[in-house]
Amino acid sequence: MEGQNKSITFDGREIRLTTGLYAPQASGSVMIECGDTSLLVTATKTAKKEPSDFLPLICDYEEKLFAAGRIPGGFMRREGRPPERATLIARLIDRPMRPLFPTWMGDEIQIVASCLSLDERVPADVLAVTGASIATLVGEIPFYGPMAAVRVGLIGDDFILNPSYREIEKGDLDIVVAGSPDGIVMIEAGANQLSEQDTIEAIDFGYEAVTELIKSQEDLLQDLGIKQIKPSEPEEDKTLPSYLEKNCTKPIELVLKKFDLSKEERDLELEKIKTETQSKIDSLKDDNQVKVLTSENEKLLHSDFKKLTKKLMRSQIINDGKRVDGRDLDEVRKISASAGILPKRVHGSALFQRGLTQVLSTTTLGTPSDAQEMDDLNPSTEKTYLHHYNFPPYSVGETRPMRTPGRREIGHGALAERAIIPVLPGKETFPYVLRVVSEVLSSNGSTSMGSVCGSTLSLLDAGVPLKAPVSGTAMGLIKEGKEVRILTDIQGIEDFLGDMDFKVAGTDKGITALQMDMKITGLPVSIISDAIKKARPARIHILEKMQGAIDKPQESLSPHAPRLLSFRIDPELIGTVIGPGGRTIKGITERTNTKIDIEDGGIVTIASHDGAAAEEAQKIIEGLTRKVHEGEIFSGVVTRIIPIGAFVEILPGKEGMVHISQLSEARVERVEDVVRQGDEVTVRVREIDSRGRINLTLRGVGQNNGMSYPEPTPTPVAPLN
């Protein structure tokens with residue numbers, strides 16, 4: 001077997017492409033490699049089974065642990081259900097590919113990207129997105145491509161292309177920009193309160209790089225002698241659209257201009273018009289072409305009626321500057337927000353509502369042991385902030401079985417999570433593991449941004465000292481030829497019938513997250529720039545409403561939340577705290593009824609539902625790890641007797657020896673004549689020898705003049721068993 005090889009030099013790196021060798025029964029395939037990262041991406045098309053008004057596109061991303069030289073855990077020792085990371089990358093592939101296929105095509109298309117080798121310097125996700133375009137092109141599948149994606153990072157004042165995992169972690173920006181020859185089709189970003197202007201410059205920087213990769217794909221097709229197949233829309237029978245335009249335009253326009261209608265009332269009135277139209281068609285003669293068409297295809301009336309409604313709604317926005325609920329283009333829906341709505345057994349809670357979209361968010365404070373371990377190819381080993389988004393069927397007035405979270409729920413949860421991470425306090429300031437759950441109680445657009453707002457409110461209610469509150473809004477777009485209208489705070493029908501869903505989240509200082517999806521084949525940076533700038537006043541307005549509910553963290557935590565103390569010790573003394581076989585740390589936890597976690601860097605976290613117990617454990621550990629100095633006086637307990645002296649525990653786990661000659665001013669024949677095991681004595685540190693051994697004395701020490709660290713008066717310390 002022979003394949004065709006091509007190398008692309010991009011940003012000083014070599015991207016290697018192999019086509020025609022792997023997966024010969026797929027419509028198209030490519031092995032795309034950079035550094036030691038290798039992905040096999042396939043695109044397969046099968047003929048459509050029945051007419052459809054949506055695109056049956058499936059995008060999958062597979063992570064095999066052998067790609068990182070690892071064997072899966074668990075009894076079966078094989079990969080199970082896809083990890084969250086794989087789901088998010090599958091969505092990252094789907095979102096820029098979907099608008100580049102015509103929905104009328106209807107053929108089933110599946111794109112599968114398999115990560116076969118992973119180099120930590122070369123993240124696989126953007127390679128998978130570009131590989132999806134190449135596999136589709138070489139498979140001669142009709143497609144408005146080529147399409148490519150790049151990641152842009154920001155370190156200091158410099159943008160960098162396709163940063164490594166380490167560079168992403170160090171930087172203030174992680175943005176993926178995907179584009180076609182017509183413009184940008186997808187954006188996914190997390191940022192550290194980056195200004196709007198810097199964000200726009202990063203997008204522009206990324207799209208310039210995207211155009212290079214698009215040109216490379218065009219050159220590849222030319223080298224392979226493949227002519228790209230551009231989708232060609234079949235000629236549409238105008239009989240039914242003309243009939244609907246004549247009979248339904250005015251009734252639909254009247255409904256769209258009734259600005260006081262609720263979503264449900266508007267939907268019912270539109271459905272009534274469609275039902276009446278169906279009755280009129282049924283009364284036509286059997287040989288009438290309109291009746292014949294609708295009889296042959298029951299879905300045709302629904303599809304064409306929806307197209308007419310879409311056309312009229314868009315026309316109203318373009319020509320009149322009015323939306324279906326009467327708002328101006330830049331107007332935000334009515335907002336209400338409240339915090340602390342649930343009993344304090346829930347550590348933090350909030351309800352956020354914007355229009356008919358309503359989200360209940362809750363926050364739970366956990367201990368370090370509650371962190372989520374990551375069993376995937378991401379170099380990060382654990383997550384300490386979790387956001388889970390749930391979208392039950394009742395939120396849209398539907399009934400269906402409630403199952404595990406789908407891709408959409410995972411994606412929305414990840415977006416809201418990314419928006420909050422930049423404002424979370426550091427571990428040493430607030431060492432809790434945090435889990436926020438957002439329950440969508442009612443949906444009419446922008447539930448993910450409602451979850452961002454609800455998350456902020458519930459975190460503050462839980463007492464989390466956020467660096468700044470975060471709000472978010474979804475921006476929309478109507479584009480007809482050269483006429484462009486940007487919409488602020490889109491609702492469901494505007495998302496469904498519009499051209500863009502652009503979610504923008506951030507603080508009053510700058511942006512923390514972006515997510516843009518398109519239904520057209522691309523937009524110039526200038527329009528995206530306008531949308532980002534117009535989102536800012538909306539975000540600030542929403543922030544002000546949120547701060548009316550709660551404007552700072554609660555001063556005290558829920559009485560049902562664990563109490564955590566966090567402090568740092570010398571990493572070289574971690575072994576001292578743990579003790580042989582864990583004896584010392586186990587003794588501390590049993591004695592104080594606490595949980596203790598120690599990180600490799602020396603950060604100690606103590607968890608307890610009793611604050612006093614946590615403080616006691618902290619004192620013990622600080623005593624274990626502090627240095628003892630000559631001349632210090634301690635109150636301690638005699639732990640054992642030997643013929644030449646007695647051992648005294650002066651701090652938890654730290655002993656010194658009193659030589660028999662130092663037990664008294666007078667001569668002592670037997671140690672037991674002065675002290676016995678278990679006696680409390682006051683001793684002074686006489687000497688610390690070259691081996692670190694502590695020599696103590698009772699001579700010249702008044703039994704009522706001692707001190708123990710860190711208290712100013714003697715405090716007996718029982719030995720740890």
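Just so you know, glycine gets a Cβ as well, placed from its N, Cα and C.
Between the listed ranges 71-91, 386-406, 701-721, Swiss-Prot ties the annotation region 'Disordered' to 701-721. With a cut-off of 8 Å between CB atoms and residues at least 6 apart in sequence, the same chain places Ala474, Gly476, Ile490, Asp495, Met516, Asp517 near Asp501 (Mg(2+) binding site), listed in sequence order. Under DSSP, residues within the domain 'KH' (562-621) fall into helix, strand and coil as 32 helix, 16 strand, 12 coil. A simple way to gauge crowding: the CB of Asp495 (Mg(2+) binding site) has 18 other CB atoms within 10 angstroms, across all the protein chains here. Across the domain 'S1 motif' (631-699), DSSP helix (H, G, I), strand (E, B) and coil residues number 6 helix, 36 strand, 27 coil.
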